[in-house]
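Below is one structure, written out as structure tokens, with a few remarks after it.
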Amino acid sequence: MSKDPKGYYKVLELSPGASVAEVRKAYAKQQAKYHLDSPYMKNKLKNAASDEEREKIKKECGEMSARLNSAKSVLFDEKKKKEYDSGMGEFGAHFSGGGYSDIFDIFSQFTGGRGHQRTNKVSSTKYVITVSLRESFVGKVSKFNVRTEKVCTTCDGKGGKDVETCKKCNGNGVYTSRRSLGGFVTLAETRCDGCDGSGHKIKGKPCSTCNGAEYIQDKTMFEVNIKPGVRKGEKIVFEGMGDQRRGHVPGDVIFIIDVQEDSRFERCGNDLVGNIDIPLYTAIGGGVVYFTHIDGRQLEINVSPFRTFDTALKIRNEGFKGSRTGNLILKPNIIIGSESDRAKIMQVLSAPSKKPYGTFTKVNSEFGSMPEPERDHEDASEEGAQSARSFFNNFSFF
């Protein structure tokens, strides 16, 4: 049987069987070392060759913090540490051959009671980052101060220097109740109200740092790298950097991206879609037009003669980055121009076709905008999806 079956002593850089005092000292040292604001971690992040390497270092830091807290949940407790060192209980290869005091001990083996509990993870801390469409195209780096709840290192999350085991739950934090119904017996674990699930009670004065609360508020600066091409709803996760609970894996800090709408552009997949003014003579004869990209660059675009005005311009690889770099799609607004331009154009255009056969009623016309079609209430939710699909259905690309 291994003397360190889960590697708890190894992660603390201790020899198997080290005392609880040695474990506490090593835990505090390792947690301080792997905190993102520690000199050791700052130096590693500073020397990282790329953003990807920095993200990897932060992820490894969170994983190390989680492993340290898993080790702490066992080796800080004399009873659990004794079982761990001897390979007994949940750390053994199989159930013992007997010795259960009653049915509740058997139930505890199967359900993972407090003395044999599963390692649960604390809920994540989530924040929404709102960026403009331009920022989602070019990317950006933002810094945020995030408050999280950490286990008090002064009292090791016990609330005081001297604590005693809760007599109501025998230190388990939960107790098992039995109910009989129609000849069947059901067993259920209930959080102990005598110790509020902690398994112990404070003797004497509470901890001066946390005032008996067992946890303290911690503020950490997070550098969030928002990469070019990020989509609305994407998540940037810092594993193990969130709230802590004794005996639990620390939670994550998650930043969720929200992208604002833009007055000039919209995103369709990885394509960037916009509008461009094109003089009629350029549309007919070809030429050059100028356009300001969403990233601020000035583009000089060569335009071939239009075969039909139901045509969109496609500039390859000028869209959003991703697994496939998108294109810049521009819907042309054909501009006729001044009176002199109109006269020159009329000289080269062929005469209109003859009046078709039939009886016609004369009416006058004027220019106006297209009205929005009426929609049933049920169709309103489809408006966003339909606008993107209808755009591409009405234009051909070349």
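In case you wondered, yes, glycine gets a Cβ from its N, Cα and C as well.
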The annotated region 'Disordered' range in Swiss-Prot, which must be one of 227-246, 367-386:
367-386
On the DSSP side of things, how many residues of the repeat 'CXXCXGXG motif' (192-199) fall into helix, strand and coil, could you say?
0 helix, 0 strand, 8 coil
Would you mind pulling the DSSP three-state label for ASN145 (substrate binding site)?
strand
Roughly how many Å lie between the Cα atoms of CYS169 (Zn(2+) 2 binding site) and CYS155 (Zn(2+) 1 binding site), rounded to a whole value?
22
Who are the long-range neighbours of the repeat 'CXXCXGXG motif' (192-199) in its own chain, taking Cβ under 8 Å and residues 6 or more past its ends?
114, 158-159, 165-169, 171-175, 214, 246
Can you count helix, strand and coil residues in the domain 'J' (7-88) using DSSP?
60 helix, 0 strand, 22 coil
